[in-house]
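Just below is one structure, and these are the notes that go with it.
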Amino acid sequence: MNNNRFADNRAWFLVLPATLLVAFSSLIPFIAVVNYSLQIVFNMNTHSFVGWSTFHDALTNEEFRGALGRQVLFTAIVLAIEVPLGIGVALTMPRSGRAVGPIMVVLALPLLVPWNVVGLIWQIFARGDIGLFGAFVNNVLHINYNYATGSVSAWFTVVLMSVWHWTSLIALLCYAGLCAIPGAFYQAARIDGASRWAVFRFIELPKLRGVLTIAILLRFVYSFKVYAEPLTVTGGGPGSSTTFMTEMLTNTAIGQFAYGKAAAYGLLYFLIILLISYVFYIVLTRVGTSEGDQ
Amino acid sequence: MTIRRICLTLFILFLLIPIYWLVMMSFKSNTEITSQLTFFPKDWTLVHYHDIFNSGKWTGSFLHSLSYVALNVAITLPLAIPAAYAFSRYDFLADKHLFFWFLTNLMAPPAVFLIPYFQLYHSIHLFDTVYAVALAHTLFNLPLAVWILEGFMSGVPREIDETAYLDGYSLPRFFIKIFLPLIGSGIGVAAFFCFMFSWIELLLANTLTSSNAMPFATMMSSAFTASGTDWGILAAAGTLTLIPGVLVIWFVRHRIASGFALGRV
(Lines of atoms letter the chains of each structure in order from A; the text may use other names.)
(Lines give C-alpha, C1' and ligand atoms only; values in the text may rest on other atoms or scores of the structure.)
Protein backbone atom coordinates (compact mmCIF):
# COMPACT_ATOMS: atom_id res chain seq x y z
CA MET A 1 0.00 0.00 0.00
CA ASN A 2 1.46 3.39 -0.91
CA ASN A 3 1.45 6.12 1.66
CA ASN A 4 -0.24 9.15 0.07
CA ARG A 5 -3.81 7.93 -0.12
CA PHE A 6 -7.15 9.76 0.21
CA ALA A 7 -8.40 9.60 3.80
CA ASP A 8 -12.01 8.49 3.47
CA ASN A 9 -13.86 6.00 5.67
CA ARG A 10 -16.52 5.53 3.00
CA ALA A 11 -14.00 3.18 1.38
CA TRP A 12 -15.37 0.61 3.82
CA PHE A 13 -18.34 0.25 1.47
CA LEU A 14 -15.93 -0.99 -1.19
CA VAL A 15 -14.33 -3.62 1.04
CA LEU A 16 -17.55 -4.64 2.79
CA PRO A 17 -18.76 -7.32 0.35
CA ALA A 18 -15.34 -9.01 0.26
CA THR A 19 -15.04 -8.74 4.05
CA LEU A 20 -18.44 -10.35 4.59
CA LEU A 21 -17.65 -13.28 2.31
CA VAL A 22 -14.24 -13.88 3.89
CA ALA A 23 -15.87 -13.66 7.30
CA PHE A 24 -18.41 -16.27 6.22
CA SER A 25 -15.65 -18.53 4.92
CA SER A 26 -13.26 -18.13 7.79
CA LEU A 27 -14.68 -16.43 10.87
CA ILE A 28 -17.68 -18.73 11.42
CA PRO A 29 -15.62 -21.92 10.98
CA PHE A 30 -12.89 -20.42 13.13
CA ILE A 31 -15.29 -19.80 16.03
CA ALA A 32 -16.56 -23.36 15.67
CA VAL A 33 -13.00 -24.69 15.79
CA VAL A 34 -12.21 -22.70 18.94
CA ASN A 35 -15.40 -24.04 20.49
CA TYR A 36 -14.52 -27.65 19.65
CA SER A 37 -10.95 -27.28 20.83
CA LEU A 38 -12.17 -26.81 24.41
CA GLN A 39 -14.33 -29.93 24.41
CA ILE A 40 -14.31 -33.65 24.04
CA VAL A 41 -16.81 -34.40 21.29
CA PHE A 42 -18.43 -37.82 21.47
CA ASN A 43 -20.81 -37.11 18.63
CA MET A 44 -22.64 -34.10 17.23
CA ASN A 45 -25.00 -33.92 20.25
CA THR A 46 -22.88 -35.13 23.13
CA HIS A 47 -19.81 -33.25 24.19
CA SER A 48 -18.31 -32.15 27.43
CA PHE A 49 -16.32 -29.04 28.19
CA VAL A 50 -12.74 -29.81 29.15
CA GLY A 51 -11.12 -26.38 28.76
CA TRP A 52 -7.45 -26.04 28.00
CA SER A 53 -6.58 -29.68 28.62
CA THR A 54 -6.80 -30.52 24.90
CA PHE A 55 -4.05 -27.98 24.23
CA HIS A 56 -1.97 -29.41 27.02
CA ASP A 57 -2.49 -32.89 25.61
CA ALA A 58 -1.52 -31.73 22.12
CA LEU A 59 1.78 -30.29 23.30
CA THR A 60 2.74 -33.49 25.07
CA ASN A 61 1.22 -35.85 22.50
CA GLU A 62 3.71 -38.00 20.60
CA GLU A 63 1.57 -37.98 17.45
CA PHE A 64 1.40 -34.18 17.33
CA ARG A 65 5.05 -33.62 18.18
CA GLY A 66 6.17 -36.30 15.74
CA ALA A 67 4.19 -34.76 12.86
CA LEU A 68 5.36 -31.25 13.77
CA GLY A 69 9.00 -32.38 13.89
CA ARG A 70 8.75 -34.10 10.50
CA GLN A 71 6.95 -31.04 9.11
CA VAL A 72 9.69 -28.64 10.25
CA LEU A 73 12.38 -30.95 8.87
CA PHE A 74 10.57 -31.30 5.53
CA THR A 75 10.07 -27.54 5.17
CA ALA A 76 13.71 -26.85 6.10
CA ILE A 77 15.02 -29.41 3.56
CA VAL A 78 12.85 -28.28 0.65
CA LEU A 79 13.56 -24.58 1.28
CA ALA A 80 17.31 -25.29 1.49
CA ILE A 81 17.20 -27.06 -1.89
CA GLU A 82 14.58 -25.09 -3.79
CA VAL A 83 15.68 -21.54 -3.01
CA PRO A 84 19.30 -21.83 -4.26
CA LEU A 85 18.22 -24.06 -7.17
CA GLY A 86 15.46 -21.64 -8.15
CA ILE A 87 17.86 -18.68 -8.14
CA GLY A 88 20.31 -20.76 -10.18
CA VAL A 89 17.68 -21.65 -12.78
CA ALA A 90 16.60 -18.00 -13.02
CA LEU A 91 20.22 -16.97 -13.69
CA THR A 92 20.55 -19.46 -16.55
CA MET A 93 17.39 -18.32 -18.34
CA PRO A 94 17.79 -16.12 -21.43
CA ARG A 95 16.50 -12.57 -20.90
CA SER A 96 15.06 -12.23 -24.40
CA GLY A 97 14.48 -14.21 -27.56
CA ARG A 98 11.97 -16.63 -28.91
CA ALA A 99 12.78 -19.34 -26.37
CA VAL A 100 11.52 -17.28 -23.41
CA GLY A 101 7.79 -17.95 -23.93
CA PRO A 102 8.06 -21.77 -24.20
CA ILE A 103 10.53 -21.90 -21.26
CA MET A 104 8.08 -19.94 -19.08
CA VAL A 105 5.26 -22.34 -20.02
CA VAL A 106 7.36 -25.44 -19.20
CA LEU A 107 8.49 -23.93 -15.89
CA ALA A 108 4.93 -23.07 -14.88
CA LEU A 109 3.57 -26.46 -15.91
CA PRO A 110 4.23 -28.37 -12.63
CA LEU A 111 2.55 -25.54 -10.68
CA LEU A 112 -0.71 -26.13 -12.58
CA VAL A 113 -0.96 -29.85 -11.97
CA PRO A 114 -3.63 -30.79 -9.38
CA TRP A 115 -1.89 -31.89 -6.20
CA ASN A 116 -3.13 -35.48 -6.25
CA VAL A 117 -1.99 -35.78 -9.88
CA VAL A 118 1.49 -34.59 -8.81
CA GLY A 119 1.40 -37.54 -6.42
CA LEU A 120 0.19 -39.85 -9.19
CA ILE A 121 2.93 -38.68 -11.59
CA TRP A 122 5.61 -39.45 -9.00
CA GLN A 123 4.00 -42.68 -7.98
CA ILE A 124 4.13 -44.11 -11.48
CA PHE A 125 7.54 -42.52 -12.09
CA ALA A 126 9.23 -43.79 -8.92
CA ARG A 127 7.74 -47.27 -8.55
CA GLY A 128 10.28 -50.06 -8.97
CA ASP A 129 8.05 -52.12 -11.26
CA ILE A 130 6.30 -49.69 -13.62
CA GLY A 131 8.26 -46.46 -13.03
CA LEU A 132 11.12 -45.20 -15.15
CA PHE A 133 12.96 -43.58 -12.23
CA GLY A 134 12.40 -46.43 -9.77
CA ALA A 135 13.54 -49.03 -12.27
CA PHE A 136 16.59 -46.92 -13.20
CA VAL A 137 17.73 -46.54 -9.58
CA ASN A 138 17.17 -50.21 -8.77
CA ASN A 139 18.44 -51.88 -11.94
CA VAL A 140 21.03 -49.50 -13.37
CA LEU A 141 22.44 -47.84 -10.25
CA HIS A 142 21.84 -50.99 -8.18
CA ILE A 143 20.63 -49.00 -5.20
CA ASN A 144 17.86 -50.65 -3.23
CA TYR A 145 15.09 -48.08 -3.58
CA ASN A 146 11.45 -48.66 -2.65
CA TYR A 147 9.46 -45.76 -1.26
CA ALA A 148 6.73 -48.03 0.09
CA THR A 149 9.00 -49.98 2.44
CA GLY A 150 12.07 -47.83 3.15
CA SER A 151 11.66 -44.57 5.03
CA VAL A 152 14.83 -43.11 3.48
CA SER A 153 13.49 -43.88 0.00
CA ALA A 154 10.13 -42.42 0.98
CA TRP A 155 11.70 -39.18 2.22
CA PHE A 156 13.91 -38.95 -0.86
CA THR A 157 10.85 -39.36 -3.11
CA VAL A 158 8.76 -36.82 -1.22
CA VAL A 159 11.56 -34.22 -1.25
CA LEU A 160 12.40 -34.82 -4.92
CA MET A 161 8.71 -34.49 -5.78
CA SER A 162 8.53 -31.17 -3.93
CA VAL A 163 11.63 -29.92 -5.78
CA TRP A 164 10.01 -30.93 -9.08
CA HIS A 165 6.71 -29.30 -8.12
CA TRP A 166 7.81 -25.98 -6.63
CA THR A 167 11.33 -24.93 -7.71
CA SER A 168 9.72 -23.22 -10.72
CA LEU A 169 7.87 -20.82 -8.44
CA ILE A 170 11.13 -19.46 -7.06
CA ALA A 171 12.76 -19.50 -10.50
CA LEU A 172 9.87 -17.56 -12.11
CA LEU A 173 9.82 -14.93 -9.36
CA CYS A 174 13.60 -14.45 -9.42
CA TYR A 175 13.57 -14.28 -13.21
CA ALA A 176 11.03 -11.45 -13.06
CA GLY A 177 13.23 -9.71 -10.48
CA LEU A 178 16.36 -10.14 -12.61
CA CYS A 179 14.63 -8.76 -15.70
CA ALA A 180 13.78 -5.60 -13.76
CA ILE A 181 17.47 -4.74 -13.18
CA PRO A 182 18.52 -1.87 -15.50
CA GLY A 183 21.28 -2.73 -17.98
CA ALA A 184 23.32 0.23 -16.74
CA PHE A 185 24.10 -1.68 -13.53
CA TYR A 186 25.77 -4.46 -15.52
CA GLN A 187 27.69 -1.97 -17.67
CA ALA A 188 29.04 -0.23 -14.59
CA ALA A 189 30.09 -3.60 -13.17
CA ARG A 190 31.88 -4.49 -16.41
CA ILE A 191 33.79 -1.18 -16.43
CA ASP A 192 34.85 -1.86 -12.84
CA GLY A 193 36.01 -5.34 -13.86
CA ALA A 194 33.69 -7.04 -11.37
CA SER A 195 33.72 -10.85 -11.29
CA ARG A 196 30.56 -12.86 -12.03
CA TRP A 197 30.27 -13.64 -8.32
CA ALA A 198 30.61 -9.95 -7.39
CA VAL A 199 27.87 -9.03 -9.88
CA PHE A 200 25.60 -11.61 -8.30
CA ARG A 201 26.47 -10.73 -4.71
CA PHE A 202 26.38 -6.93 -4.96
CA ILE A 203 23.94 -6.22 -7.81
CA GLU A 204 21.57 -9.12 -8.42
CA LEU A 205 21.01 -10.49 -4.93
CA PRO A 206 20.10 -7.12 -3.32
CA LYS A 207 17.68 -6.42 -6.19
CA LEU A 208 16.06 -9.81 -5.70
CA ARG A 209 15.32 -9.21 -2.03
CA GLY A 210 11.67 -8.23 -2.58
CA VAL A 211 10.72 -11.13 -4.85
CA LEU A 212 12.74 -13.60 -2.80
CA THR A 213 10.86 -12.63 0.34
CA ILE A 214 7.55 -13.34 -1.38
CA ALA A 215 8.88 -16.58 -2.87
CA ILE A 216 10.19 -17.86 0.46
CA LEU A 217 6.98 -16.84 2.24
CA LEU A 218 4.81 -18.69 -0.27
CA ARG A 219 7.10 -21.73 -0.24
CA PHE A 220 7.13 -21.80 3.53
CA VAL A 221 3.35 -21.68 3.75
CA TYR A 222 2.68 -24.21 0.99
CA SER A 223 5.31 -26.68 2.18
CA PHE A 224 3.91 -26.39 5.70
CA LYS A 225 0.42 -27.21 4.38
CA VAL A 226 1.61 -30.09 2.15
CA TYR A 227 -0.98 -32.87 2.00
CA ALA A 228 -2.17 -34.57 -1.19
CA GLU A 229 1.22 -35.16 -2.85
CA PRO A 230 2.92 -37.27 -0.13
CA LEU A 231 -0.42 -38.88 0.75
CA THR A 232 -0.90 -40.14 -2.81
CA VAL A 233 2.66 -41.45 -3.08
CA THR A 234 3.53 -42.88 0.32
CA GLY A 235 0.20 -42.75 2.19
CA GLY A 236 2.17 -41.15 5.03
CA GLY A 237 4.30 -44.22 5.44
CA PRO A 238 6.14 -46.46 5.82
CA GLY A 239 4.77 -46.35 9.36
CA SER A 240 4.20 -42.68 9.91
CA SER A 241 7.59 -41.56 8.59
CA THR A 242 6.10 -39.19 5.97
CA THR A 243 2.93 -38.20 7.84
CA PHE A 244 2.96 -34.39 7.95
CA MET A 245 0.75 -31.92 9.82
CA THR A 246 -2.29 -31.74 7.54
CA GLU A 247 -2.48 -35.51 7.17
CA MET A 248 -2.10 -36.06 10.92
CA LEU A 249 -4.90 -33.52 11.40
CA THR A 250 -7.31 -35.10 8.91
CA ASN A 251 -6.56 -38.54 10.37
CA THR A 252 -7.46 -37.27 13.82
CA ALA A 253 -10.60 -35.45 12.67
CA ILE A 254 -12.02 -37.85 10.10
CA GLY A 255 -10.26 -41.13 10.88
CA GLN A 256 -10.63 -41.09 14.66
CA PHE A 257 -13.58 -38.65 14.91
CA ALA A 258 -11.67 -36.85 17.68
CA TYR A 259 -12.94 -33.37 16.79
CA GLY A 260 -11.88 -31.72 20.01
CA LYS A 261 -8.34 -33.00 19.72
CA ALA A 262 -8.20 -32.20 16.00
CA ALA A 263 -9.44 -28.66 16.65
CA ALA A 264 -6.78 -28.05 19.30
CA TYR A 265 -4.08 -29.45 17.00
CA GLY A 266 -5.44 -27.33 14.17
CA LEU A 267 -5.38 -24.11 16.18
CA LEU A 268 -1.78 -24.70 17.25
CA TYR A 269 -0.87 -25.50 13.65
CA PHE A 270 -2.58 -22.31 12.46
CA LEU A 271 -0.84 -20.29 15.17
CA ILE A 272 2.61 -21.51 14.13
CA ILE A 273 1.97 -20.63 10.48
CA LEU A 274 0.51 -17.27 11.49
CA LEU A 275 3.45 -16.32 13.71
CA ILE A 276 6.05 -17.10 11.08
CA SER A 277 3.92 -15.44 8.36
CA TYR A 278 3.62 -12.32 10.52
CA VAL A 279 7.39 -12.05 10.73
CA PHE A 280 7.53 -12.40 6.95
CA TYR A 281 4.78 -9.80 6.53
CA ILE A 282 6.70 -7.26 8.60
CA VAL A 283 9.81 -7.89 6.51
CA LEU A 284 7.71 -7.75 3.34
CA THR A 285 6.17 -4.35 4.09
CA ARG A 286 9.62 -2.99 5.04
CA VAL A 287 10.97 -4.22 1.73
CA GLY A 288 8.04 -2.54 -0.02
CA THR A 289 9.06 0.89 1.25
CA SER A 290 12.84 0.64 0.76
CA GLU A 291 14.63 1.50 -2.47
CA GLY A 292 15.67 -2.13 -2.96
CA ASP A 293 12.21 -3.19 -4.07
CA GLN A 294 11.87 -2.13 -7.68
CA MET B 1 27.10 -19.44 -22.09
CA THR B 2 27.02 -23.09 -23.13
CA ILE B 3 27.28 -24.31 -19.50
CA ARG B 4 24.28 -22.13 -18.70
CA ARG B 5 22.33 -23.63 -21.56
CA ILE B 6 23.21 -27.20 -20.51
CA CYS B 7 22.12 -26.57 -16.91
CA LEU B 8 18.83 -25.05 -18.04
CA THR B 9 18.21 -27.92 -20.45
CA LEU B 10 18.88 -30.45 -17.70
CA PHE B 11 16.42 -28.74 -15.38
CA ILE B 12 13.76 -28.59 -18.10
CA LEU B 13 14.30 -32.31 -18.77
CA PHE B 14 13.90 -32.99 -15.06
CA LEU B 15 10.52 -31.18 -15.21
CA LEU B 16 9.36 -32.82 -18.41
CA ILE B 17 10.39 -36.48 -18.05
CA PRO B 18 7.86 -37.38 -15.28
CA ILE B 19 5.10 -35.71 -17.32
CA TYR B 20 6.29 -37.53 -20.46
CA TRP B 21 6.11 -40.83 -18.56
CA LEU B 22 2.55 -40.08 -17.44
CA VAL B 23 1.37 -39.12 -20.94
CA MET B 24 3.04 -42.12 -22.59
CA MET B 25 1.58 -44.47 -20.00
CA SER B 26 -1.91 -43.22 -20.83
CA PHE B 27 -1.47 -44.56 -24.38
CA LYS B 28 -0.26 -48.02 -23.28
CA SER B 29 -2.41 -51.03 -22.56
CA ASN B 30 -2.50 -52.19 -18.95
CA THR B 31 -0.63 -55.39 -19.82
CA GLU B 32 2.17 -53.37 -21.40
CA ILE B 33 2.35 -51.08 -18.35
CA THR B 34 2.76 -53.90 -15.86
CA SER B 35 4.84 -56.33 -17.94
CA GLN B 36 7.65 -54.17 -19.34
CA LEU B 37 9.25 -50.73 -19.32
CA THR B 38 8.93 -49.04 -22.68
CA PHE B 39 9.92 -45.46 -23.48
CA PHE B 40 7.37 -45.39 -26.23
CA PRO B 41 4.07 -47.33 -26.40
CA LYS B 42 4.46 -50.47 -28.54
CA ASP B 43 0.80 -50.50 -29.41
CA TRP B 44 -0.79 -47.10 -29.20
CA THR B 45 -4.21 -47.44 -27.64
CA LEU B 46 -6.93 -44.93 -26.90
CA VAL B 47 -8.88 -47.41 -24.80
CA HIS B 48 -8.37 -45.51 -21.52
CA TYR B 49 -9.58 -42.23 -23.02
CA HIS B 50 -12.43 -44.09 -24.63
CA ASP B 51 -13.40 -45.52 -21.21
CA ILE B 52 -13.30 -42.09 -19.59
CA PHE B 53 -15.30 -40.28 -22.26
CA ASN B 54 -17.95 -42.99 -22.34
CA SER B 55 -18.47 -43.00 -18.59
CA GLY B 56 -20.97 -40.49 -17.27
CA LYS B 57 -19.25 -40.53 -13.89
CA TRP B 58 -15.87 -39.51 -15.30
CA THR B 59 -17.15 -36.80 -17.66
CA GLY B 60 -19.59 -35.59 -15.01
CA SER B 61 -16.87 -35.18 -12.42
CA PHE B 62 -14.69 -33.29 -14.92
CA LEU B 63 -17.59 -30.89 -15.50
CA HIS B 64 -18.12 -30.50 -11.75
CA SER B 65 -14.50 -29.49 -11.32
CA LEU B 66 -14.67 -27.01 -14.20
CA SER B 67 -17.93 -25.50 -12.94
CA TYR B 68 -16.84 -24.86 -9.36
CA VAL B 69 -13.60 -23.33 -10.65
CA ALA B 70 -15.51 -21.04 -13.03
CA LEU B 71 -18.04 -20.14 -10.33
CA ASN B 72 -15.27 -19.36 -7.90
CA VAL B 73 -13.65 -16.93 -10.36
CA ALA B 74 -17.05 -15.35 -11.04
CA ILE B 75 -17.68 -14.81 -7.32
CA THR B 76 -14.16 -13.73 -6.40
CA LEU B 77 -13.33 -11.07 -8.98
CA PRO B 78 -16.38 -8.75 -8.61
CA LEU B 79 -15.79 -8.66 -4.84
CA ALA B 80 -12.01 -8.41 -5.00
CA ILE B 81 -11.79 -5.53 -7.51
CA PRO B 82 -13.56 -2.84 -5.38
CA ALA B 83 -11.81 -4.08 -2.22
CA ALA B 84 -8.39 -3.90 -3.88
CA TYR B 85 -9.19 -0.40 -5.14
CA ALA B 86 -10.09 0.71 -1.62
CA PHE B 87 -6.84 -0.69 -0.19
CA SER B 88 -4.80 0.86 -2.98
CA ARG B 89 -6.37 4.36 -2.96
CA TYR B 90 -7.98 5.09 0.41
CA ASP B 91 -6.85 5.52 3.97
CA PHE B 92 -9.67 4.20 6.14
CA LEU B 93 -10.31 2.95 9.63
CA ALA B 94 -8.44 -0.30 10.40
CA ASP B 95 -7.32 -0.73 6.79
CA LYS B 96 -3.96 -2.30 7.68
CA HIS B 97 -5.55 -4.72 10.16
CA LEU B 98 -8.16 -5.75 7.64
CA PHE B 99 -5.50 -6.30 5.02
CA PHE B 100 -3.48 -8.49 7.37
CA TRP B 101 -6.59 -10.45 8.32
CA PHE B 102 -7.20 -11.12 4.62
CA LEU B 103 -3.62 -12.30 4.38
CA THR B 104 -4.00 -14.70 7.32
CA ASN B 105 -6.73 -16.52 5.41
CA LEU B 106 -4.33 -17.09 2.56
CA MET B 107 -1.99 -18.71 5.08
CA ALA B 108 -4.65 -20.73 6.94
CA PRO B 109 -4.35 -24.51 6.52
CA PRO B 110 -7.75 -25.65 5.15
CA ALA B 111 -7.45 -28.86 7.20
CA VAL B 112 -8.23 -26.84 10.35
CA PHE B 113 -11.64 -25.91 8.96
CA LEU B 114 -12.69 -29.31 7.63
CA ILE B 115 -15.28 -30.25 10.25
CA PRO B 116 -16.91 -26.80 10.62
CA TYR B 117 -17.10 -26.50 6.82
CA PHE B 118 -18.76 -29.85 6.57
CA GLN B 119 -21.36 -28.77 9.17
CA LEU B 120 -21.77 -25.23 7.85
CA TYR B 121 -22.53 -26.31 4.29
CA HIS B 122 -24.81 -29.06 5.54
CA SER B 123 -26.83 -26.59 7.59
CA ILE B 124 -27.30 -24.17 4.66
CA HIS B 125 -28.20 -27.11 2.38
CA LEU B 126 -25.33 -26.56 -0.02
CA PHE B 127 -23.44 -29.75 0.81
CA ASP B 128 -22.56 -31.84 -2.24
CA THR B 129 -23.08 -28.98 -4.70
CA VAL B 130 -20.54 -27.13 -6.81
CA TYR B 131 -21.64 -23.92 -5.03
CA ALA B 132 -20.26 -25.21 -1.73
CA VAL B 133 -16.82 -25.81 -3.21
CA ALA B 134 -16.87 -22.50 -5.10
CA LEU B 135 -17.75 -20.62 -1.89
CA ALA B 136 -15.24 -22.55 0.23
CA HIS B 137 -12.40 -21.79 -2.19
CA THR B 138 -13.00 -18.06 -1.72
CA LEU B 139 -11.34 -18.60 1.68
CA PHE B 140 -7.93 -18.37 0.02
CA ASN B 141 -8.76 -17.05 -3.46
CA LEU B 142 -10.45 -13.81 -2.40
CA PRO B 143 -7.49 -12.65 -0.26
CA LEU B 144 -5.11 -13.72 -3.02
CA ALA B 145 -7.05 -11.79 -5.69
CA VAL B 146 -7.21 -8.69 -3.45
CA TRP B 147 -3.48 -8.88 -2.86
CA ILE B 148 -2.57 -9.31 -6.55
CA LEU B 149 -5.00 -6.61 -7.73
CA GLU B 150 -3.85 -4.17 -5.04
CA GLY B 151 -0.29 -4.60 -6.32
CA PHE B 152 -1.31 -3.90 -9.90
CA MET B 153 -3.57 -0.96 -8.96
CA SER B 154 -0.86 0.68 -6.88
CA GLY B 155 1.26 0.65 -10.04
CA VAL B 156 -1.23 3.04 -11.69
CA PRO B 157 -0.37 6.67 -10.75
CA ARG B 158 -2.94 8.34 -8.50
CA GLU B 159 -2.82 11.46 -10.70
CA ILE B 160 -5.01 9.61 -13.19
CA ASP B 161 -7.81 9.37 -10.59
CA GLU B 162 -7.44 13.02 -9.62
CA THR B 163 -7.48 14.27 -13.23
CA ALA B 164 -10.59 12.25 -13.98
CA TYR B 165 -12.41 13.65 -10.93
CA LEU B 166 -11.43 17.21 -11.99
CA ASP B 167 -12.88 16.44 -15.41
CA GLY B 168 -16.18 15.69 -13.70
CA TYR B 169 -16.12 11.90 -13.73
CA SER B 170 -18.02 10.17 -10.94
CA LEU B 171 -16.33 7.25 -9.16
CA PRO B 172 -18.34 4.48 -10.89
CA ARG B 173 -17.97 6.07 -14.33
CA PHE B 174 -14.24 6.68 -13.85
CA PHE B 175 -13.85 3.13 -12.61
CA ILE B 176 -15.53 1.47 -15.57
CA LYS B 177 -14.41 3.81 -18.36
CA ILE B 178 -10.83 4.56 -17.36
CA PHE B 179 -9.53 2.47 -14.48
CA LEU B 180 -10.63 -1.07 -15.38
CA PRO B 181 -9.06 -0.94 -18.88
CA LEU B 182 -5.80 0.27 -17.28
CA ILE B 183 -5.54 -2.74 -14.97
CA GLY B 184 -6.92 -5.25 -17.49
CA SER B 185 -3.79 -7.39 -17.40
CA GLY B 186 -3.85 -7.42 -13.59
CA ILE B 187 -7.43 -8.71 -13.66
CA GLY B 188 -6.36 -11.39 -16.14
CA VAL B 189 -3.53 -12.48 -13.86
CA ALA B 190 -5.81 -12.52 -10.79
CA ALA B 191 -8.38 -14.60 -12.70
CA PHE B 192 -5.64 -17.01 -13.75
CA PHE B 193 -4.45 -17.48 -10.18
CA CYS B 194 -7.97 -18.01 -8.85
CA PHE B 195 -8.52 -20.57 -11.59
CA MET B 196 -5.27 -22.29 -10.78
CA PHE B 197 -5.60 -22.51 -7.00
CA SER B 198 -9.19 -23.70 -7.25
CA TRP B 199 -8.27 -26.28 -9.90
CA ILE B 200 -5.40 -27.82 -7.92
CA GLU B 201 -7.06 -27.81 -4.48
CA LEU B 202 -8.28 -31.17 -3.30
CA LEU B 203 -8.93 -31.32 0.43
CA LEU B 204 -11.93 -28.94 0.64
CA ALA B 205 -13.39 -30.05 -2.68
CA ASN B 206 -13.24 -33.63 -1.49
CA THR B 207 -14.76 -32.91 1.92
CA LEU B 208 -17.68 -30.80 0.71
CA THR B 209 -18.98 -33.20 -1.91
CA SER B 210 -20.12 -36.79 -2.19
CA SER B 211 -21.74 -38.31 -5.27
CA ASN B 212 -23.68 -35.43 -6.85
CA ALA B 213 -20.84 -32.97 -7.24
CA MET B 214 -17.84 -35.27 -7.04
CA PRO B 215 -14.69 -33.53 -8.29
CA PHE B 216 -12.43 -35.17 -10.84
CA ALA B 217 -9.64 -35.72 -8.31
CA THR B 218 -11.94 -37.75 -6.04
CA MET B 219 -13.15 -39.75 -9.00
CA MET B 220 -9.53 -40.67 -9.72
CA SER B 221 -9.14 -42.37 -6.35
CA SER B 222 -11.85 -44.83 -7.40
CA ALA B 223 -9.35 -46.36 -9.83
CA PHE B 224 -7.48 -47.81 -6.85
CA THR B 225 -9.50 -50.92 -6.09
CA ALA B 226 -8.92 -54.04 -4.05
CA SER B 227 -8.45 -56.14 -7.18
CA GLY B 228 -5.61 -53.92 -8.35
CA THR B 229 -4.93 -50.45 -9.68
CA ASP B 230 -6.07 -49.48 -13.16
CA TRP B 231 -2.87 -47.57 -14.03
CA GLY B 232 -3.90 -46.90 -17.60
CA ILE B 233 -7.09 -45.06 -16.73
CA LEU B 234 -5.31 -43.17 -13.94
CA ALA B 235 -2.61 -42.01 -16.35
CA ALA B 236 -5.23 -40.94 -18.89
CA ALA B 237 -7.21 -39.06 -16.24
CA GLY B 238 -4.02 -37.40 -14.97
CA THR B 239 -3.15 -36.33 -18.51
CA LEU B 240 -6.62 -34.81 -18.94
CA THR B 241 -6.18 -32.69 -15.77
CA LEU B 242 -3.11 -31.06 -17.36
CA ILE B 243 -5.05 -29.74 -20.36
CA PRO B 244 -6.97 -26.78 -18.79
CA GLY B 245 -3.74 -25.51 -17.20
CA VAL B 246 -1.80 -25.74 -20.45
CA LEU B 247 -4.60 -23.94 -22.30
CA VAL B 248 -4.78 -20.93 -19.97
CA ILE B 249 -1.08 -20.67 -19.21
CA TRP B 250 -0.14 -19.57 -22.72
CA PHE B 251 -2.18 -16.38 -22.37
CA VAL B 252 -0.46 -15.24 -19.21
CA ARG B 253 3.03 -16.65 -19.83
CA HIS B 254 4.76 -13.26 -19.58
CA ARG B 255 2.84 -12.25 -16.49
CA ILE B 256 2.92 -15.45 -14.41
CA ALA B 257 5.86 -14.19 -12.41
CA SER B 258 4.26 -10.82 -11.65
CA GLY B 259 1.18 -12.68 -10.48
CA PHE B 260 3.21 -14.85 -8.12
CA ALA B 261 4.95 -11.68 -6.95
CA LEU B 262 1.42 -10.40 -6.17
CA GLY B 263 1.64 -7.65 -8.78
CA ARG B 264 4.79 -6.23 -7.28
CA VAL B 265 7.39 -6.87 -9.98
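Backbone N, Cα and C atoms are what each Cβ position is placed from, and that goes for glycine too.
Predicted automatically and left uncurated, TrEMBL annotations should be read as such.
The annotation domain 'ABC transmembrane type-1' is assigned in TrEMBL to B:62-252.
TrEMBL lists B:7-27 (among others) with the feature transmembrane segment. Beyond the ends of the transmembrane segment (B:7-27), by six or more residues, the same chain brings 33, 39-41, 44-46, 48-49, 231-232, 235-236, 238-239, 242 to within a C-beta distance below 8 angstroms of the stretch.
Long-range neighbours of the transmembrane segment (B:66-87) within the same chain, counting only residues 6 or more positions beyond its ends whose Cβ lies under 8 Å from a Cβ of the stretch, are 95, 99, 130-131, 133-135, 137-138, 141-142, 145-150, 153, 175, 179-180, 187, 190-191, 194-195, 198-199, 205, 213, 215, 244. Residues or ranges marked as transmembrane segment in TrEMBL: B:66-87 (among others).
Annotation source TrEMBL lists transmembrane segment at B:99-118 (among others). Through the fold, the transmembrane segment (B:99-118) approaches residues 87, 127, 136, 139-140, 142-144, 146-147, 201, 203-204, 207-208 of its own chain, all at least 6 residues removed from its boundaries and within a Cβ separation under 8 Å.
The feature transmembrane segment is assigned by TrEMBL to B:130-153 (among others).
Long-range contacts of the transmembrane segment (B:174-200) within the same chain: residues 65, 68-69, 72-73, 76-77, 80-81, 85, 134, 137, 140-141, 144-145, 148-149, 151-153, 156, 160-161, 164-165, 244-245, 248-249, 251-252, 255-256, 258-259, 263, each at least 6 residues beyond the stretch ends and with a Cβ under 8 Å from a Cβ of the stretch. The transmembrane segment annotation in TrEMBL covers B:174-200 (among others).
Taking Cβ pairs closer than 8 Å, the transmembrane segment (B:231-252) reaches residues 19, 22-23, 25-26, 28-30, 33-34, 47-49, 51-52, 58, 62, 66, 188-189, 192, 195-196, 199, 216-217, 219-220, 223-224, 259 in its own chain, all 6 or more past its ends. If you look up TrEMBL, you'll see B:231-252 (among others) marked as transmembrane segment.
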